[in-house]
Amino acid sequence: MEDTLRAIAAAGALAVPASASAPASAPAAASAASAATPASAPLAGALRSNGLVVQIADHAAHGARMVGQHLNHTVATLLGLWSTGSWWQDHLSTAQGHTLLIALLRVLLLTLVPALALATVLRRAIAAPERAIAAHQAAKQREGAEPPQGGAPTPQPQTPEATGTSVALAAQAQAAEAKAEAQEDALREAAGMEPAEGKDNKDSDPNAGPNANASANAAARATVIAAQAEDNAGTSLKAAADRAKETYNALRGAHHWRLLQRLPGAMLVMLLEVVPVIAFGLCAAGVLSLLGPEDAAPAEAVGHIVDTYVICRVLAIFGKLLFAPDAAALRLVPLPDNWAAYAQRWLVRIVVIGGVGGAIGGAVPLGMTEDAHLALVKVVTLIGHLALAVMILQLRRPVADAMRAAAARHGSYAWFMQWFADIWVAVALFVVIALWFVWALDLRGGYAALLRAGGLSLVVMLAGRVSAIVLLGALSRVFGLRDDQENMSFGQRRAYRYYPALRRILLATIWIVTIDLLLDVWGLRPARILALAPIGHLLGSALLTIVIAIVAAVAIWEVANGAAERRLNAWTDAGDFVRAARLRTLLPMFRTTLFVSILVVVGLTALSQLGVNTAPLIAGASIFGVALGFGSQKLVQDFITGIFLLTENAMQVGDWVTVAGVSGTVEFLSIRTVRLRGGDGSLYTVPFSSVTTVNNTNRGIGNAAVKVQIAHGADLQRAIDTLKEIGAGIRQEDAFKNGILSDFAYWGVDQVDGAAVTLVGQIQCKDSARWGVQREFNKRVLLRFTERGIELANPQRNFLVGMARGDDVEGRTYGDESGNASDDANDGDRSRAQSRGAAKAASQGGKPRNGRAGASGDGNGSSSGKPN
């Protein structure tokens, strides 16, 4: 392989044309050509001089040579591990070596015994304050939590004694958060979410510890959402999805806020833990400074051991800050008790292995050769990587199950998560072993550099975690949903809408910064490379401009919407429902227009910053707009007419209107059409361009018209008095008095004809009570007139006049509908028929039969006389 690459590179070198620098490069080219195999000869004519293929081959050959050299060196170093035995035999087995070992042992005892004694005393002294801090934190969580669902009593806080054990402390913390677990399970179940990670259901192993995602602040939300889920079991899927999203956001916000509340106590405990380590280091340094020059080599070796111990202790304390296996109330990583103890245990193992490797450096002042030291360092590092491999194998099933559970919750990339859950162990093992090979092949600075890079990596990750807790907790406090939602201000309710997006953006920023710092620690500097490159300045300027445009757009959107909603709330609270309804009708259209305008401006700004020429887009959009305007005049007329009608408040949602020949209740208003629901349930969609007149019956006043027709001969004054009496009676009733604005107004006799006398009047009512009052009035007119004998006119009665036997004139009345005579058998009708018959006979000179105006009638009820 290497020979072939060299042959390709040599072929390119031979093909370089002669130049001023040819004499200098000719010997190298000739030697490379002589080293090439005969098979490479045809390549000289096939490859272009200094072409891309030749350059790639040259770099590949150089890289292969470097890897081979490092691999040979590493193998030789590992094979030279036995040189440590020679060092021991040649340097430490002699009399001078024995003296050096005795001096080393004496310095170790003089240094470590007082330092460890002081550290032990201080560690015992800070044990009681640590337990008090943990108990106080657990009590605070217990006070803020609510009783779990089902009426179970809340565990009362119990302050542990100063002599309590760590097991009792863990039990206190677990009892403090057990109720939060029950509330979180109910919250997740009500929102249709999966159980929390690490728990199968609410009745899982109690020794598994509390789930850090449970929150006392989310307990109130659990009750509300669970009740809503029971009451609205038949709601749509969209509503259920919205509730689940809101529940998730509430959980995350409460989780971040609770971690922020834990952070001060956890940091205070960490500072207390660091005190014995600092005392150990100062005491050991003080003792080593008192030693004489004859103990310089042992002092240097012991100093190396002391430094390694201090570093390892600090790393273990950092791990305890995150995992807190003995105090769940101070834990900053959402893990149950058993997993927190597992993580801390393996962290201590890895740190101890690293400490052994660092302590080996103390043998260099004692005469160990560099090759022997390097071999030991690589072996110890390999042991550490193998320990990581063992941990990965132990975690293969839990991690795979967690990935599959996450895939079930996020269906968008479930296939990838399912696939990666099957292969993650092989990938992780390959990465761990490959990292050791990469480090072993290019060792720079020995194990000290590795220890420094590893320590800085842990510090960066710890700083990233603490920053995430502080920033996300503060964000949750400022923007998150609170328990007292009724007391939240208008700005807080609107700000909560941006909380999920801001949380994701902030979390992504923390991840990017943390990864960049980790790469910088290990020698890779992507941010610096990008910043120094010319494209970096352009990209940074474009991103900054786009971010500013987006922030300005969000500010404009929020100011406009906030002003509109404040005005809407003010009008509603003041009782100005007409103006509030009009604004509520126009608000969706205004929002759509504003959103489209902002989107166009921000989109064009982003495209311009990314280097896209927006002039053709604007020109094309203008031409398209002109063409669309000419081609859709009717549509433009819809828009313009709709804007004016809505601005002038011609109709509102809920009004009963008549437009374009159709009537119905307004169900929806857009900028182009109005939708009416007819009385028979039909839905009419009317474009505004066809609306010329709007008849709206819902504008405050709706007069109930009164029109009564009575027959000739009825008592007119009695009918008028009866109408007024009916109007007064209706206004006194509770069911109608709030909808009537004035008394019944009698207007007079509107019409007199041959069939009836028409009486008219009006009752002034509210628009909502008009029809009810009018129907009740008509009902009472029929009942009262019938009761008092006031005859209502019958416009369907026809009168036929004809000659009977002899000279008598008889008027016979027949029913117009069935052909049978109507029944006028009561005394009043018969007397009136007789009088009318007599009057008719007298006018015609006839003599009434039997000396009177006859009122003969047959079985069908005919009567003589002239109709009036």
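Residue numbering: from 1, along the chain as shown.
Cβ coordinates come from backbone N, Cα and C, glycine included.
Note that TrEMBL annotation is computational and uncurated.
Small disclaimer: the values here were computed from a predicted structure and weren't measured.
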Task: Candidate ranges 24-46, 346-368 [criterion: TrEMBL lists as transmembrane segment] - done: 346-368
- [ ] Given the cut-off of 8 Å on Cβ pairs that are 6 or more apart in sequence, determine whether the transmembrane segment (459-480) and the transmembrane segment (266-288) share at least 3 such pairs.
- [x] no
Task: Considering the transmembrane segment (589-608), which listed stretch of 100-122, 374-395, 501-523, 614-631 counts the most C-beta pairs under 8 Å - done: 614-631
Task: the domain 'Mechanosensitive ion channel MscS' (635-698), counted residue by residue under DSSP: helix, strand, coil - done: 16 helix, 25 strand, 23 coil
Open item on the list: Need a quick answer: max count of Cβ pairs under 8 Å to the transmembrane segment (308-334), which of 100-122, 266-288, 374-395 is it?
Closed with: 266-288
